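Have a look at the structure below, then the notes.
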Amino acid sequence: MSVIKMTDLDLAGKRVLIREDLNVPVKDGKVTSDARIRASLPTIEHAMKAGAKVMLMSHLGRPEEGVFSEEDSLKPVAEHLSGLLGKEVRLVRDYLDGVDVADGEVVLLENVRFNKGEKKNEEGLSRKYAALCDVYVMDAFGTAHRAQASTHGAGQYAPVACAGPLLAAELEALGKALDNPKRPLVAIVGGSKVSTKLTVLESLSKVVDQLIVGGGIANTFIAAQGHPVGKSLYEADLVDEAKRLMAAAKAKGGDIPVPTDVVTGKEFSESTPASTKRVSEVAADDMIFDVGPDTAASYADMLRKAGTIVWNGPVGVFEFDQFAAGTKALGEAIADSDGFSIAGGGDTLAAIDKYGLASRISYISTGGGAFLEFLEGKKLPAVAMLEERAKG
């Protein structure tokens, strides 16, 4: 995909408006997890060192649109960013009619969702954003699947629109994993419901060699093979869909392997005892909470031999230690693999953190919904806009 890259432009003395994803958790006026802020630092520092007049924009939380609220203010983010950059980052509340910024200075524009028309990508607001800058930089992959004024419209009307380093790296990693993957390509899709991931399963099953399903999704596939699932979370109305996906994968030489053994409990709680059994032996009052050791070993073997791995979702209730072994084994196999690995989605990132795997995974995606939509084969509006603008 061809987009203009920020790193290829001369930014000296230019007004540069960067849309970042600084939507971080804040408690008592302090940022509690700054991963997204840190991820955006190389972009900000590049523009700053190039002598640009840097304006950052982001959303935070879900305020009522057009209404200022203290709890969704980016003030804590500006303070945190000042600490990380070692220089003051001014928070600007009223900026739609213009902002004074010095060369090399960084200012943070207040929450874009305080502006009426942001979510609907209104032309009037988009043009006001665009008028603030000489160069618009889209760097927020996490919101690239939404066509909003700050992620899409601003770029349509700005003199120049380009991709920031974070977004460019994200698109490159996803392209490497899906457009021209080194085979075998193995994907893991976990999560509680087939219905929410159906399009992803559908789309991936056409391109991968093996599609490992986990969590509640796997239970529906277990049921589709005629095995009992007891009181486990599964979707009876999607059993035929699961059968169809398995048959379609097989027909094109791929495979959706189904667990042969599972770890069950009697209730969803941290203290419920775990027991391991063959998948055919699940009792009527059992709930499946993880894949068993044989299944985990066979999946881990597939992953270690993979040329490319896409990981979205845990395979068990890893928050409870007695049901965490499957996710841990798969995570470690991915980390040990010589293949190219990309992981994304909130629960997946939590598992990577829990087992300290981050440094051994090739690329960790910052986007949840955007990552999924990319896997579904959808065109992300912000990316489509950047491609359009690159054509001139």
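Don't overthink the numbers, they just go from 1 along the chain as shown.
Glycine is no exception: its Cβ is also placed from the backbone N, Cα and C atoms.
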Residue among Arg146, Arg183, Arg244, Arg278 sharing the substrate site, where Swiss-Prot lists Asp21, Leu22, Asn23, Arg36, His59, Leu60, Gly61, Arg62, Arg113 as binders:
Arg146
Those binding-site residues listed as Gly61, Gly345, Gly346, and which of them has the most Cβ atoms within 10 Å of its own Cβ:
Gly345
Candidate with sparsest Cβ neighbourhood (10 Å radius) among Asp21, Glu319, Asp347, the listed binding-site residues:
Glu319
Tell me the Cβ contacts of His59 (substrate binding site) under 8 Å, same chain only and six or more apart in sequence, or just say none.
Asn23, Asn111, Val112, Arg113, Glu118, Thr143, Ser150
Tell me which residues of the chain lie with their Cβ under 8 angstroms from that of Thr348 (ATP binding site), as long as they are six or more apart in sequence?
Gly190, Trp311, Asn312, Gly313, Pro314
Alpha-carbon distance [Asp21 (substrate binding site); Lys197 (ATP binding site)] in Å:
24
